[in-house]
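Comments concern the structure below.
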Amino acid sequence: MTRHLTLCFILLIILIDKSEACFCDHYPWTHWSSCSKSCNSGTQSRQRQIVVNDYYRDNSCDQLCTKQETRQCNVETCPINCVLGDYGTWSDCDPCIRKQVKVRSVLRPSQFGGQPCTEPLVTFQPCVPSELCKIEETDCKNKFLCDSGRCIPSKLKCNGENDCGDNSDERNCGRTKPVCSRTYTPIPSVQLMGAGFHFLAGEPRGDVPDNSFTGGICKSVRSSRTSNPHRVPANLENVNFEVQTIEDDLKTDFYKDLATIGKNKNEDRSLSGEKKDSFYVPIFYSSKKSENFQRNSGFKNAIEASHKKDSSFVRIHKVIKVLNFTMKTTDLQLSDVFLKALIHLPLEYNFALYSRIFDDFGTHYFTSGSLGGKYDLLYQFSRQELQNSGLTEEETRNCVRYETKKRFLFFTKTYKEDRCTTNRLSEKYKGSFLQGSEKSISLVQGGRSQQAAALAWEKGSSGPEANVFSEWLESVKENPAVVDYELAPIIDLVRNIPCAVTKRNNLRKALQEYAAKFDPCQCAPCPNNGRPRLSGTECLCVCQSGTYGENCEKRSPDYKSNAVDGNWGCWSSWSACNAAYRRSRSRECNNPEPQRGGQRCEGKHWQEEDCTFSIMEKVGQPCISDDEEIKEVDLAEPEADSGCPQPPLPENAFVWNEKKLYSVGEEVEISCLTGFKAVGYQYFRCLPDRTWRQGDVECQRTECLKPVVQDVLTISPFQSVYKIGESIELTCPRGFVVAGPSRYTCKGDSWTPPIPNSLSCEKDILTKSKGLCQPGQKQSGSECVCMSPEEDCSSYSEDLCIFDEGSSQYFTSSACKFLAEKCLNSNQFHFVHAGSCQEGPQLEWGLERLKLAMKSTKRVPCGYDTCYDWEKCSAHTSNCVCLLPPQCPKDENQLHCVKMGSSMRGKTVNICTLGAVRCANRKVEILNPGRCLD
């Protein structure tokens, strides 16, 4: 019996195999077609070369064989070449530097492997000025004026020391007496403490304070490494030597990707050092305050390494200090080259000339810090191999720390981590966890370059020698760097030179414009939510965890997200200064916009700051120095025994021909600032007794200033001033509502109703009550029940205009009450429009729309509203959006005979077309329901 069953089974397999065993490779594939795109992910296809014969039919090849295949090709993002704008016209000839300049800007940085820009952005030429230079000579008063422009105490002249920096204080001197009774050696590497620091590039620049200046003082400090004391420069408040190597301060950090390193740290600090500055960027402190090293040149190497493989990173770092220093807070002597650069700046603002200060000397200087070195390595690991190792993030950090201490630092306090040698990754490399990394990237500071470079390694190499750390540590003593520093803006040092106030203001303006050139908002969006980073005129993509490739275009198998996070576009230009002496600018979250559930941009979408404007004729920049309280109208007062001084002006008023003294009989016209109008007699006359004949006049407000509200609130429309009768609407982010009225109207000189300073956003009562229920419902136990308009809607929610079908009346209701009433009486209440009910086109169309809706065959809930045949629901705004007439289907639902515009003939349209035409605000007359009669 068993034998017969086996035989039957074999015969069945043969029959099945014969009927369904088509060998598809019998029909070869064609070659792949050419790619549909040369970049940005195209497709290509191929087909089987089918021959329909008996074999094809008998073996069901038509059903079993795939006849066509497609695949992606050229997935690389299209390269974007760098584009420069044309040079502008030559500037006016500056009378102080006798040069003129023309500039051009980078219209588009290179990205995705595009051609870089190599041509200069600025060009200069000598010229002959037509005006005199207004910059005054340096007034040292009772001090000695050096040729460089530096002022030094007179007692320092002819003391045998180069206190001027250019030796001009030691010319024509007879015998000199030494200042100090003995010879001192300078503090090693003291010049490093006086270097400028370019925050945006992350590197030191030219000397700013002059730390060779001793000021005739013989203050000294001793080092345990040398027998002779060192003379302390006058700029230094405090110096103390130390060699500090603490074993327990070796730190490790784990990063899933480079995009998370230093993200948005210390954003409350401003680039210029002013709390209310308009351009905010994180100021980092080498290791005291933040571990942000994104601006280190090694970070670019890390970005390029991350493009080759989906990676995670472990950073291990340690600071070794040789000495600590603190600079004085006032009266710093500037270096000769920095001082000359400041003195030679033009009085008129010129970005090209002022921005060279930041190129040459950086944006900041060191106020305190340490000289020494920083052991700083960034290990790159394959993310897949780390996952397969079975180690947690904390265990990964501990293993890097443990092996570094054991192999390179030879610290005695090393606690063995068993899992560091027995995990899957270490076992592949003879128990070494570090050997399992792809490479280590050197972010080392200080020491000789040869020893610093030897600390890093790459996969496949033998790795650093065991004594490489001790050799580097020894070299740090002779070649230190500034570590653990604090910074201050170099603009603060622009003092005690001619026109210092004017030049400081120009430098602040230039710094804002200069910093904007480092903003990655100029870059195109990177694939897969990569973060763009602007390096010079090239944009790089910093890949998110799970992505890699030259432009982050490749995905790991476990990266499934299709969400696109939002990123900020560039700031707009500043608005004109308004009557409240404020100006503003804005930006949009559109580079790209959030899509498919992606995150919205973090931060402010608009900024405001104080500003000034001139009411006088523009006659060039005034030269304002530190010791002068000079304004634009401060002119030399003529000596005269007749005439009138400036007249007393009403509040918010000015006169166009303002001056110190007016002649007898001269008249002035009283004008009002923007947003005010003069009421009364506007003309004052100067009388012989040096008084003014004047009538009653005042400046009354005719416009409302844009209200100052909390950052979370958005004002629409956004203007500097609003005319009487104009209204604004305040809105909150999705899921929140204004905690009070949202609509305000300019009436007289104030807003109605008054806008409280405490006005903010609160969680939408509808969102809080909803849970898993529909709008207008709340969760009660495991059930959803209708909300009570009286009990559940006491908190504020936005106003809506509602139509009551029962009474045929429209009224203003809160959104909460509307949804609650609609839940209780589902067909009685209808949404008309957002905001309170006010007579006008919006209300008229809303009521007409409800009449048309009675004939609609489509009813789709959409936010507070219901969309009908001629509309679609916007998922982004939860509002009904009208279709264009050509977008309507060509069906015969609810036909009407209508007359459109000036046409005399009737036309048959369906309900969708009728609603779409009316929504477009075109005139339509309904002649009769159904088709038009011929």
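Even glycines carry a Cβ here, placed using N, Cα and C.
Because the structure is a prediction, the values reported are computed rather than measured.
Given the ranges 122-134, 278-290, 538-550, the record in Swiss-Prot names 278-290 as transmembrane segment. Looking at 94-107, 318-331, 402-415, the range tied to transmembrane segment in Swiss-Prot is 402-415.
Helix, strand and coil content of the domain 'LDL-receptor class A' (138-175), in residues and according to DSSP, is 6 helix, 4 strand, 28 coil. Candidate disulfide-bonded residues: C146, C570. Fewest other C-beta atoms within 10 angstroms, C570.
Comparing Cα positions, C623 (disulfide bond) lies closest to W568 out of the recorded positions C39, C78, W568, C919.
Distance noted between the C-alpha atoms of C78 (disulfide bond) and C499 (disulfide bond) is 50 Å.
Mean pLDDT for the region 'C5B-binding domain' (642-934) in this predicted model: 83. Here the C-alpha separation of C704 (disulfide bond) and C140 (disulfide bond) works out to 49 Å. Nearest neighbour of C521 (disulfide bond) by Cα distance, taken over the recorded positions W32, C699, C897, C932: W32. For the recorded positions W574, C873, C882, a Cα-Cα cutoff of 10 angstroms around C867 (disulfide bond) retains C873, C882. Note: the Cα of W90 (C-linked glycosylation site) and the Cα of W574 (C-linked glycosylation site) are spaced 24 Å from each other.
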